[in-house]
């Protein structure tokens, strides 16, 4: 199947639901072999670990070669553009959302007939959720079977849902409950 599909959310969904045999990574394919240049050179430390002074030498981890398709320098311009736009879109929307609420706080006070303290509760709840979210999703992203894309996609979906709820709120209770739902989730 197409190698470009592996790194997309659809590819992640296919791999999670149907297994890795449908969209295997190059290392999971039966004809994949590790090049001889990447095997250990056979040298061993003659000294026991207790007698060595200092930490062992660093072992650099790199690509499987200069032509490795997983290396971002070898990506097609279209894939580079897709990754660039996705990262910038996610970063821009999340960072702008708190600023947008802050600049509209006066309008929130006027439309919902709320005091400045009550209107600023929305920003406080957003900041609280903004701090709690990474505490929940960052450790999950380090689990090998889950990887990083799934927590990113789940948290982005939650963000979009909550944004729709706040945009359609008809009173202060609905506006604040949307932010409270972020914290509960």
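Placed from the backbone N, Cα and C atoms, the Cβ positions cover glycine too.
No curator has checked TrEMBL annotations; they are predicted automatically.
What TrEMBL records for 83-102, 114-138, 150-169 is transmembrane segment. According to TrEMBL, the feature domain 'Major facilitator superfamily (MFS) profile' maps to 83-185.
DSSP places the residues of the domain 'Major facilitator superfamily (MFS) profile' (83-185) in helix, strand and coil in these numbers: 87 helix, 0 strand, 16 coil. Across the domain 'Major facilitator superfamily (MFS) profile' (83-185), the prediction's mean pLDDT works out to 83.
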